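Listed features, source TrEMBL:
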- B:441: active site, proton acceptor (ACT_SITE)
- B:158, B:197: FAD binding site (BINDING)
- B:24-151: domain 'Acyl-coenzyme A oxidase N-terminal' (DOMAIN)
- B:294-456: domain 'Acyl-CoA oxidase C-alpha1' (DOMAIN)
- B:492-670: domain 'Acyl-CoA oxidase C-terminal' (DOMAIN)
């Protein structure tokens, strides 16, 4: 983490940019945070953590060995949890899983434990799983111990050979009524648990998901609380084969592990039995509803849109935009000084749509959070009606957001030229963390196809006159098909997105149907058109995002100056993705070939009007230097001084001559080949 | 590097795939290599290097500290150069820069020094620069010492504040006639040299590019041979400030460095004077042509299309395709076994277009190599006519290839799900190396705009009736505008690409002209439309690639079975990029909205016909396990056993309990928070 060593002068170009802004940065910050009070709270919290020198890295983690990096992650994680408790005492906030999740995940966590945290799943999955799936007795026994960190847990579901398709899991739990125990076993190599964070060397307990067998019958997957290591010696228990899965593209602080069971026995009461139960004699009692566990899965997906995608993307655009307002290169007009690279249209085109994209994510995620809260309380009253709709929108929004964020971060990194490639720019770390989310918690293609399945169903329902939920209501509207003469307005843009989603879903459904009519099995027809089905889900999601973006800007309680800027971002968002999917717009929407040139001009003019506000907009994300952790993006714009300071943190620079010279290089140079 | 430890059984699914192939794999391998003899030579060379246990890693580099990784890179580089000399003696091939470059770059080098090599610039830039820009006396003095590795050099051009725009370099070389010396100086922090490989701790000499001043006048940038470190002690010389720039996203074996001069003096004869000269009294004698140095730049760009983009992309598709023929997931039809993930259309769509893309790169690069060789001999005879055309095509082909490769590798990585995220999959390393090439040797956007400038010029020339060179001849053909009724043939696809390039260039030129006519300065009009200008260069390049792909398959001396498969790949290439840029095809080509559905069906059917040959096609790249270096892609398909073996190389798994338990974790767990 970069810690400002001395007060540096503010870079004159960056100061100039800030003076050009046409709106109040603090007003936008408050809007992003959800109110001035929230901004104040966030700043206090950040200040409390990032100023603690014990949480700063002496040597950046990328220079340490893999083992040292793990040890540092453990040292800092212990301190971090202690400090959260200090904060709770200080602010008398009361303790909650949400507070831990907020501090450990998101911006703050990513600043202090840049490459992930080995305790994360204890708070994100272990405790919530016991709360959500344990009986009251089980909660009473386990939660206290977990909450005080007397035990450290993880969540072991994914296996070496089995990921998103959880019905395929191979780990077994056979009930033995004679001893009233479950026997956990890993029958194959592919059944080894693989990926859980903290499983390698950190956790001593885990929730293990396994196929339950009792009275000779398999009842599908169920969760069990399993002790993995001795609480005193931390040695793996007999029958437990445990280790770490090795280095990854990122998240190397999370200590992901593998786990195999050799007929390992646990007492009957360690199956989490809030839903289904196994009685003493081995009788299986089925859960009244298996949909109730959907809630947690949706929660995690919604959480990661803001906590991962939005977090890392807003960091990346801040870094790249500030850098582009300091870096000078080439010449625009012969003989003149090298211009700021932000003057280049191509550079604006790399940055500004990604800034807009961050706001698109923010507003959609806010909307989905409110939906999540109301659907959750409906669920508690036994009302499951809106669950499929929420599931469908959460799936595609998770996929679109994680992929927009990952691609956007890479565009920002490349927009910083070679310097973006430096680890210290923090862009490579950000990409590593953001792209991981494209795969975990539901692989994106699989999620798109889940949304597509929902959309196909909605399409047929609409044809039979069934009233559809809000987010798919447009499928009932035949006017979605009516073409209108184009003019460059946001209402037309939104209508065009609606026409595209409608048109794609209509055409793809038709193709699938026609293939089935020729005698092809439904599953094969579905698979044959799955490329189009993914596009349907993407179009549906983009429509959702642009609608929420537009409505949020319209309805926001902000000054006219700010609303103007937000509407420019919203327009850029709409126009950018329209031009990037032009084929579909020409096929299905009111956009005609003759309209394209004016839409391109619109995009060019939006880039131009956003140009003077670019630095102010990213300033409004209000990400402090310690969290940005990038010499390219620091608030003061002293890019080159800071890059030089970072280079000199490389331990290779500690000595003028590395020992490999005497050992290898000198003998080689003197050998006279 | 993965070394096969025991003979493992061939995975049955993979064996089944190999039995399904409809063509002779060896025939395709020979075509890729350029003949059976070339295949034999390559295999011998690979065998000679990859079987040497001294070149194998005891611990994979990602587990070492940064300093240890550097020391290992030096150890292995010294061994590697020694081994190249052994090879030269053994095979009596004679020594050449090309041989060193071939072995150190490309597949073989990337297998042995996975994260880059600190000696690379000695062979790729230092020696070639002296050969190309030194006088005969200078060559006589320096080349012998460099060739025998008595000195180790690098090439220092890029500065902390200056990259692609080399006229902006700030390092100065003032000539002092009283002592007949140049005084090298770094007047600012931004003038520090930054990025040269091997500069940090390895090299003791460098070619330094600096602004030449003599008799009070600046003559622009010139190259100087500069000693950096004492040959005995390796200590930096007084007046030289040198160090390493720190950790990067990849290439951490290359020891990239920084370099500043404090009025550092070198003798007059250390300016490379083959072209321009400074006489003893300080008189400057200008070079007859400054275009001669273009040659080297083009050489490097052409070389990296094959040596980097194609190399890493063909590795990635091999890994992901074999993995997809072993991994099983989810269900296609209820109740049936989990299918191979390659059965999913969406998976085929991630893999096969990238396989096709590798062939597209291969054939275009081959064509450009022949052009390079003939243009080079024309240059030697003073004929510069084809230089601008070659420069233009090399620029956009470098940009398109590096960006196709980087994106393709990431698609392959994500197509392997979580396991692709493991460092041992070798996909993250491959991406790190491939994406670097999007920025170095000319940043891609800058290169596109250079090609666009050439295209605009060609457009105007065509309007005045000037005969255009081969690659832009289509701009003279007005029939490019004539629309024809669509049917799915390759000739139509190629014609459509031509129409798109023609249409984009015509429309963009028109827009730039019209804006200039309203009184806007040319440079500003150019900048305003630069997003479209980039698209012009991309369309031109894609047309070039599809034409060369098609012609190469037509003309190849191969069996009908093989030609069928290659033509399927060529068609997929054409159809895939058409559908991915559908908007432009609807705007400019003969493709009509009513044709799209049949083009999508064509793509679906191409994926289906390529499916049974997918493994055989990637087998034909003939990349041995040691070079692939990925448990997901090994020839035998034992994915899970190999992943497990790799995990157990993590030094964290050496002990059942890490020392951080006693030090941090136990006190924390026992503290009863």
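Heads up, the Cβ atoms here are built off N, Cα and C, so glycines get one too.
TrEMBL annotations: computationally assigned, not manually curated.
Cα spacing between residue B:441 (active site, proton acceptor) and residue B:158 (FAD binding site): 10 Å, rounded to the nearest whole number. Around residue B:158 (FAD binding site), taking its Cβ as the centre, 20 other Cβ atoms fall within 10 Å, counting all chains. Counting residues of the domain 'Acyl-coenzyme A oxidase N-terminal' (B:24-151) by DSSP class, helix then strand then coil, yields 97 helix, 0 strand, 31 coil.
Checking the recorded positions B:158, B:197, B:441 against chain A with a Cβ-Cβ cut-off under 8 Å leaves B:158, in sequence order. When Cβ neighbours within 10 Å are tallied across all protein chains shown, the highest count among the recorded positions B:197, B:441 belongs to B:197. Per-residue pLDDT, averaged along the domain 'Acyl-coenzyme A oxidase N-terminal' (B:24-151), amounts to 93 for this model.
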